[in-house]
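Marked as domain 'PASTA' by TrEMBL: 264-333. Under the heading region 'Disordered', TrEMBL lists 301-323, 340-390, 406-428. What TrEMBL records for 301-317 is compositional bias 'Polar residues'. Annotation comment: TrEMBL describes 340-381 as compositional bias 'Pro residues'.
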């Protein structure tokens, strides 16, 4: 069988046994051949430029790695130096703390030894008298009182904080209660500091209180301050009691009425009530807070005011008067005053013949309504001549006619009632 080329020709296929078998298109034949081995690819030799580029890249990587190694080494050295410095500082701090602790322990030990020696020191016994010489009597030396607790007192920071708070409380108490508040607040602060030293036997917030005798003396002074603060008047100062006593001695309570006079600013403007009826004027003025007094034109006071109108007023309209003052109203007599009829005496003379109208209604007997207009007609007649009326003023008798000082005639309610149902003197 001829050698099979490197590539399997058409019709040759693997038969599963590691060989190639020929397929004639209808069946497998007996022709076999070894498997075709693929040809090894030919490796193309790199060019000089590629080699140079590879070499340059390798050199760059090596340089980068070297720089990274140098940076890591420098960082490690710096970290080591920093750690050494930190360790040295910690060691120095611990050594200083130990030294301070040793000094404090030594000072406390020495203080305790001095206190023990002071307490345990025996009192010297007086010398026995001898025949040779008589010595002066020696007083017994009592051991000095010391604080039972040799430990250090309050921390200075706490002392400053407490001192600031106490100063603030004292200032506020002084501003609110005067000298009384100052004495009371200072006494309370001093009493608290003294009791701390006396009860606990150690220095408190005040550095000067280092022994129980000092604390006791401070407590006594604090109690005196509290007593002084309790004696002082509330909100008073040191010089305030003297004027207070003087005020009581002179018995001048005038300052107290002065505040009560503060309502004086309640001032009203007097309203113009001219030409108004006496009743309306009184209502308006009383609502404004004034007292009302009526007088006639003759100056006489009067209480009945029916049908009267205001001619003038005192104080004048627009004046500013205190509330509660009296306003005097000069009133005009009503239009149908009894004095009016005598003035019309000549005209009413024929008026007695007024009974004549009586037969007049008798004539129109079929109309009994006629007598009603008949009385209305004589109504103007009695008020024909009246002087001194106020044109436009209030009137009570509707239909009455009067003459004003200007010579013109006016009719009461000639234009009907106003919005309030009141009648006025209107021109005819």
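The backbone N, Cα and C atoms fix where each Cβ goes, and this holds for glycine too.
Each residue of the region 'Disordered' (406-428) gets a DSSP state, and the totals for helix, strand and coil are 0 helix, 9 strand, 14 coil. The average pLDDT computed over the domain 'PASTA' (264-333) stands at 80. Secondary structure of the compositional bias 'Polar residues' (301-317), assigned with DSSP and counted as helix (H, G, I), strand (E, B) and coil, comes to 0 helix, 7 strand, 10 coil.
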